[in-house]
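Working notes for the structure below.
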Amino acid sequence: MKASVVLSLLGYLVVPSGAYILGRCTVAKKLHDGGLDYFEGYSLENWVCLAYFESKFNPMAIYENTREGYTGFGLFQMRGSDWCGDHGRNRCHMSCSALLNPNLEKTIKCAKTIVKGKEGMGAWPTWSRYCQYSDTLARWLDGCKL
């Protein structure tokens, strides 16, 4: 009985092959150092919340949304059809693979471009759904040393 419970719990801890998950405080530090804290008025907590709900802190995440016909790239799941690559508008002027680097430099640069637009962070429906009106945003930085 104990062995099956332990094995079940271990199954939840195993990260799929190829995944590169950053810790919450590591993400917060990189975003802070990249100048996102209060960039265009959005707190660092908002950015960390967005990163969690978009990619679960996986900077190498690629998600193909076949229902809506787009592919999201990186920590913030930026749409290839709008923000990166050779076959779309490429508003961030970079390849989509550049958004998959764990150093997050290009990701932060592109995020700044996106949030300067008329929708702000509302450009990410996930932010509107899970972060915008959250009364627990402070938890995203709990215990983090920036």
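Note: Cβ is positioned from N, Cα and C throughout, glycine not excepted.
Source: prediction; values computed, not measured.
In the three-state DSSP scheme, GLU54 (active site) is classed as helix. For GLU54, the entry in Swiss-Prot reads active site, with the evidence type sequence analysis.
Summarising the annotation, Swiss-Prot assigns disulfide bond to CYS25-CYS144 (among others). Counted within 10 Å of its Cβ, the other Cβ atoms near CYS25 (disulfide bond) come to 16, all protein chains included.
Sequence-distant neighbours of CYS131 (disulfide bond) (same chain, 6+ apart, CB under 8 A from its CB) are ASN46, CYS49, LEU50, PHE53, MET121, LEU137. What Swiss-Prot lists as disulfide bond is CYS49-CYS131 (among others).
Marked as disulfide bond by Swiss-Prot on the basis of sequence analysis: CYS84-CYS96 (among others). The Cβ neighbour count for CYS96 (disulfide bond), using a 10 Å radius over every protein chain in view, is 25. According to DSSP, CYS96 (disulfide bond) is assigned to a helical segment.
Positions annotated as disulfide bond by Swiss-Prot, on the basis of sequence analysis: CYS92-CYS110 (among others). A helical conformation is recorded for CYS110 (disulfide bond) in the three-state DSSP classification.
Look at Swiss-Prot and you will find 20-146 tagged as domain 'C-type lysozyme', backed by sequence analysis.
The signal peptide annotation in Swiss-Prot covers 1-19.
Nearest by CA distance to CYS92 (disulfide bond), out of the recorded positions CYS25, GLU54, CYS84, CYS144, is CYS84. Within the same chain, residues at least 6 positions away in sequence whose Cβ sits under 8 Å from that of CYS110 (disulfide bond) are PHE76, MET78, TRP83, CYS84, CYS92, MET94, LEU99. Shown for the domain 'C-type lysozyme' (20-146): DSSP residue counts in helix, strand and coil, namely 57 helix, 12 strand, 58 coil.
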